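The next block holds one structure in the form of structure tokens; read it before the comments.
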Amino acid sequence: MGIKGLAKLLSDEAPDCIREVELKSLHGRKIAIDASMAIYQFLIAVRSGGPNQQATMLTNAEGETTSHIQGMFNRTIRYMTEGIRPVFVFDGKPPDVKSHELIKRREKREKAQAALAVASEEGNVEEQDKQSKRLVRAGTKENEDCRKLLTLMGVPVVTAPCEAEAQAAALCKAGLVYATGTEDMDALTFATPILVRKLTFANASKSMVQTMNYNKVIEGLAISHDQFVDLCIMLGCDYCDTIRGVGPKTALKLIREHGNIEKVIETIDRKKFVVPESWVPNEKKLDAQSDDDDEEGVESPSKEENNGIVDTEELIPAYVQARKLFNEHEVLNDIELKWKPCQAEDLQKFLVDDMGFNVDRVKNNIEKLQAAYKANSKPQTRMDSFFAVKANPNAAKSAAKRKADAAKAKAAVSKKKTKKH
């Protein structure tokens, strides 16, 4: 899911962090790509169908889905032909606190399944396409298929211990790659120096991609890294609920004024804005203990009566756990990235015999892959000045507004301190 509303907020409040560039401007760059995100997009985009027919995923003779293989094979060759060296990072085990988000996704798929049944019965092709895409999920088989494909292509594959975006960001911060390639905005929350979006959509007719610079995000929003993490949590992330009624602009205003979530909770109008119970678990526990004490004068068990054991885990606010995940995510540090020549014979066998691809097209694409590998293996000089960058028309206006808002927030804090004294 990423971070709700962050892309729009950055476009409005920190436009200098965003650049629209041509795919070829990334020539000579190594990019860590979120594999699960790419596979999901290929499953949605690579489909067959005609007029008045529901679009369906590509399959082989055995009925096995091959859309992800088709998309991954062609797009990886496109990257390498443009001089880009891709590294695909796969998700590991999701963090425990993400379970509530996974449950929500499952519920959404169940609703989509019911809506698809209705659309099919009514013969509504457009609605069938819409709901069938909502049912798409990159499962274990799709991930294993792509791991095998990429290995045969000679492209590095990394399996993260946890979230792929966090691992990709770590590779970027370590200088092993230039950027993280994903649509998920939480790559910025993990502090990837450069985020590249729209990579999966880039093709011959639409070659522009979007880059975001982390340092310019922080500079443009006029907040610190820790405040940015808290802002992202308030906007809405995969790891916890957020304050109901607080939109992106209000969240930024509150973080600028108060500095962190703890102080926001202390000062926010709780009648107007609903703070999740998981954010204030101590309040709920204290209320429960108070109610128990009020009933017939019965006191709650003391620490001594519980053999000195106090359940502190449930007292950790959800946003604190989310904050820790963003700042201390489990990643692999000892990684060596190697691009190798493709295993042409085994690759052709996998694509033609196992996946049912056209042999002539496969041979032609393998030749392109081999040529790209040979070209990319030579020392290369980047020529950034030759590539045009699309300027953001709102940059000057947003910069002035940002400075004014920051000044107001600073003045408000000073005023509150003066009143206290």
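Every residue gets a Cβ built from N, Cα and C, even glycine.
Annotation source Swiss-Prot lists region 'N-domain' at 1-109. On the 0 to 100 pLDDT scale, the region 'N-domain' (1-109) averages 84 in this prediction.
All chains included, 29 other C-beta atoms sit within 10 angstroms of the C-beta of GLU163 (Mg(2+) 1 binding site). According to Swiss-Prot, the feature Mg(2+) 1 binding site maps to ASP34, ASP91, GLU163, GLU165, an assignment based on sequence analysis.
ASP238 (DNA binding site) falls within neither a helix nor a strand when secondary structure is assigned with DSSP, and so counts as coil. Take the CB of ASP238 (DNA binding site) and look out to 10 A: across all protein chains shown you find 22 other CB atoms. Look at Swiss-Prot and you will find ARG47, ARG75, GLU163, GLY236, ASP238 tagged as DNA binding site.
What Swiss-Prot lists as region 'I-domain' is 127-258. DSSP labels the residues of the region 'I-domain' (127-258) in these numbers: 66 helix, 17 strand, 49 coil.
Taken from Swiss-Prot, the feature Mg(2+) 2 binding site applies to ASP184, ASP186, ASP238.
Swiss-Prot lists 284-307 (among others) with the feature region 'Disordered'.
Residues annotated as compositional bias 'Acidic residues' in Swiss-Prot: 289-298.
Sequence annotations record features per position, and here Swiss-Prot assigns region 'Interaction with PCNA' to 379-387.
The region 'Disordered' annotation in Swiss-Prot covers 398-421 (among others).
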Pairwise CA distance, GLY236 (DNA binding site) versus ASP186 (Mg(2+) 2 binding site), rounded so that it is a whole Å: 10
Same chain, 6+ residues apart, C-beta under 8 Å of the C-beta of ASP186 (Mg(2+) 2 binding site), given in sequence order: GLY2, ILE3, GLU165, CYS232, CYS237, ASP238, PHE326
Cβ-centroid neighbours of Mg(2+) 1 site ASP34, ASP91, GLU163, GLU165, 8 Å, sequence order: SER36, MET37, VAL89, ALA160, ALA164, ALA166, GLN167, ALA168, THR182, ASP184
For ASP91 (Mg(2+) 1 binding site), nearby residues of its own chain (Cβ under 8 Å, 6 or more apart in sequence): ALA35, SER36, ALA160, CYS162, GLU163, ALA164
For ASP34 (Mg(2+) 1 binding site): DSSP state (helix, strand, coil): strand
Residue among the binding-site residues ASP34, ASP184 whose Cβ has the most other Cβ atoms within 10 Å: ASP34
